[in-house]
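All remarks here apply to the structure that follows.
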Amino acid sequence: MKPSIVLYKNIPADLRERLEQHFTVHAFDGLTPDNHDELRQALQQAEGIIGSGGKIDEAFLQQTPKLRAASTISVGYDNFDVDALNAHNVLLMHTPTVLTETVADTIMSLVLATARRVVEVAERVKAGEWQGSIGADWFGVDVHHKTIGILGMGRIGLALAQRAHFGFGMPVLYNARRTHEEAEQRFNARRCDLDTLLAESDFICITLPLTDETFHMISRDQLAKMKKSGILINAGRGPVVDEAALIEALQNGTIHAAGLDVFEKEPLPVSSPLLTLPNVVALPHIGSATHETRYGMAECAVDNLIAALTGTVKENCVNPQLLKK
């Protein structure tokens, strides 16, 4: 008899067929076990779950007594209580290798859009304001040969450094827990403390995950240390930045602009002051949102779940210590 799994996000038909070759698949639109009897029953029998979003914590795990593996269609896993998963001997799989280049492209697009005011001036054209030669009030600032500061030098940070160095001739600073030899050798990147990075960078790009250490890592004091001409880009996790402090800094000119793909609350409330500021480019968390990459992420998550439930895990496991038990 095939193991039972719960699929809680729509995936391409061919990938669902692959799951069905290995498992009995119960498909749902999201995870709401408290409100959905059929889902609750499926979770009682599920040995694996696969999807994205939803809060997977102790309360959830109490409803999944047979669960052996969870496969998230994402690189981030801050919605999972890893300690609770460990206590229940549940493997957590994610997709860190698939989306690197696409997210780096998104970050670079935010750098360009904020510097050259692409969204703002495009809207002015659509509004009929382009009536002759443009003046200084339409101008942006250069990107090439400006200094980029990268918070977090993982896969995405490295891919961003490559684009900045080779594509735009930008000096690269980075802040990370350890020296990244490849970044320093290939891109002449310089590791520095956070205060130095804030003070010297023209563009500060956040690629960090959300942890206890990174929560509100950028707040009022840190924003005050940036150049007044500085631009903040966040494509890591929203709560890494104190959003209220950022709004204040953008309103009073402490920093020049911000490009944001992530927010403290998502979707971003329509009442957010960020949506009223012309010096903000706000995207709906589209860092990995291309057809090719989203397919690749789903494919990787399917492979991960199959590996986890057949005892063939070689990569992409958040809690590999469980494999030794």
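Each residue, glycine too, has its Cβ placed from N, Cα and C.
Counting only residues at least six positions away in the same chain, the Cβ atoms of Gly76, Asp78, Leu208, Pro209, Leu210, Thr214, Val262 sit under 8 Å from the Cβ of Arg237 (active site). If you look up Swiss-Prot, you'll see Arg237 (among others) marked as active site, on the strength of sequence analysis.
A 10 Å cutoff on Cβ-Cβ distances gives Glu266 (active site) a total of 11 other Cβ atoms nearby, all chains included. Marked as active site by Swiss-Prot: Glu266 (among others).
Under the three-state DSSP scheme, His285 (active site, proton donor) falls in the coil class. Per Swiss-Prot, active site, proton donor is recorded for His285.
Across the structure, Glu266 (active site) and His285 (active site, proton donor) are spaced 8 Å apart at their Cα atoms. Remark: His285 (active site, proton donor) has Asp261, Val262, Phe263, Glu266 as non-local neighbours, by Cβ distance under 8 Å and separation of at least 6 in sequence.
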